[in-house]
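Trainee: Sharing a structure with you now.
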Amino acid sequence: MSDPTDIDGGRAYFVLLALHVTYILFAGTSKGLGVLLPTLKEHFDTHTWLVGSIISLVMTTMDFSCVLSQRVPSRYIVTISGTCVAAGLCLSSIAQTVFQFGIFLGLVTGVGYGFTVIIMEIELARHFHRKYACANGIATAGSSVGLFIMAPLMQVLLDTYGWKGALLILGGLSFNLTACGCLVRPQASLSKKDSNDDCRTTDSQDELETLDAADQDSAPRKPSCSCCLTCRSGFSRLTKAADLAIFKELPFIVVVIVVSCIRFVFSAWTIYFVPHAQDMGFSKVQAAMFVTITAVGNFIGKASHGYIVDRRLITRRVMIGLSTSVTALIFFLDHWMTTEVVMIIACLVNGIALGVAGSMIQVFLKKTVGVERLANSLGWTNVISGFVRLGAGFFPGWIYDQTMSYYFSFVMIGCVSAICPTVLILHYLICRRPRQGSYDLIFT
């Protein structure tokens, strides 16, 4: 960053605002599609798991943004991706078949959201250091606002204009993502980063040339093949650029497992809670109210945990373990939440826990790998968790189709949430003996 005043202040707040708005639209789109799920299933005359899987694609395709972010200015990526999001939603409103709906929503809108969210998360990590947990909590609180607004709004739009009109209006709202791209600093601010990347690239090339020469000297009997050398050199460069060595580090593996489980749980809840509430006998208005209450709790969790973490009152590992344990307990007890009052309390508590767990993902990852490796780490984390998130749309819907009840679906979601504290406890026990090791430093 060329201007030190933009770290933890200055233009950093514009990036914070842009990511906050991005999360509003991202979570609002995901929840809005969940509200439309029963109508879409009936219109396309298909299975619940198929429509749920298509919706989960919107929250899945966050994969290869890190590679592009190292070559193209973030402002351009976010602006173009935001346009793709809006275009995909508008096109999905005129889809005639479920296949067309999946193409427009999954590939166009999903890819657009993938690039937008990841690039903005990287920019936030670059602009905030000391206040990162608080800044990340405020930014991700946008998802709570999106849940709070979009669930009742989409129900009103559905009743008034039908699902096609609702999607068209949602696409128009999503054009605000292009404005978020304009809030990101232009390419000039990245000159220092680019020069460092060039230096690292030059050093890597020198190392590769040395390795190639050593390989030739060590195997003089084999004839030199320029094609083989080029392929080996290219593969080495690709390996270094993708930072595949990070998969050798146990803390990163733990983070990937935890992040994948958290995102699975949130995605499954986002897609299937409204149909589940209606299946339990609650009305559409009550189901929308429960989502709104969850959003309020989600906002409280996201906005309050940053101060606690930044002041080191509770470690990141303990915070994630507690929040995911509470979430698992709520899902296990879901079958007995048959009254409105009990459901309201459960939604509020679950919202707080989901908010804390969801916001801690980026903080957890940044502390583990550092800012320099955050782009590649986010990319790989989202590639893996993306495949897991596909299951969030498929498995609960498939279980419902088999049993005609969401009870076992939500028990399964609770089991996935319980994996997080289990893995964290096991990792703590493994790293307990070598106290002088780096793992304890990473997770403090």
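Heads up, the Cβ atoms here are built off N, Cα and C, so glycines get one too.
Those TrEMBL annotations? Automatic predictions, nothing curated.
Annotations for this protein, taken from TrEMBL, read as follows:
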{"type": "TRANSMEM", "residues": "12-29", "note": "transmembrane segment"}
{"type": "TRANSMEM", "residues": "49-69", "note": "transmembrane segment"}
{"type": "TRANSMEM", "residues": "76-95", "note": "transmembrane segment"}
{"type": "TRANSMEM", "residues": "101-120", "note": "transmembrane segment"}
{"type": "TRANSMEM", "residues": "132-153", "note": "transmembrane segment"}
{"type": "TRANSMEM", "residues": "165-184", "note": "transmembrane segment"}
{"type": "TRANSMEM", "residues": "250-273", "note": "transmembrane segment"}
{"type": "TRANSMEM", "residues": "285-301", "note": "transmembrane segment"}
{"type": "TRANSMEM", "residues": "313-336", "note": "transmembrane segment"}
{"type": "TRANSMEM", "residues": "342-365", "note": "transmembrane segment"}
{"type": "TRANSMEM", "residues": "377-400", "note": "transmembrane segment"}
{"type": "TRANSMEM", "residues": "406-430", "note": "transmembrane segment"}
Trainee: Mind checking which residues of the chain, 6+ beyond the ends of the transmembrane segment (132-153), have their Cβ under 8 Å from one of its Cβ atoms?
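Mentor: For the transmembrane segment (132-153), the list is 12, 16, 19-29, 31-32, 35, 124-125, 274, 288-289, 291-292, 294-296, 298-299, 302-307, 309-310, 351, 355, 358-359, 362-363, 366.
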Trainee: Mind pulling out the one from 250-273, 285-301, 313-336 with the most Cβ pairs under 8 angstroms to the transmembrane segment (342-365)?
Mentor: 285-301
Trainee: Six or more residues beyond either end and a Cβ under 8 Å away: which residues meet both conditions relative to the transmembrane segment (76-95)?
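Mentor: Cβ under 8 Å, 6 or more out: 18, 25, 29, 65, 68-69, 101, 104-105, 107-116, 119-120, 163-165, 167-168, 170-172, 174-182, 184.
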Trainee: For the transmembrane segment (250-273), could you work out the same-chain residues 6 or more beyond its ends whose Cβ comes under 8 Å from its Cβ atoms?
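Mentor: Result: 27, 30-31, 33-34, 37, 52, 55-56, 59, 287, 290-291, 294, 320, 324, 327, 331, 350, 354, 357-358, 361, 364-365, 368-369, 377, 380-381, 384-385, 388-389, 391-393, 395-397, 400, 406, 409-410, 413, 416-417, 419-420, 423-424, 427, 430, 439, 442-443.
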Trainee: Short question: most Cβ pairs under 8 Å with the transmembrane segment (377-400), which of 12-29, 165-184, 285-301, 313-336, 406-430?
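Mentor: If we count Cβ pairs closer than 8 Å to the transmembrane segment (377-400), 406-430 scores highest.
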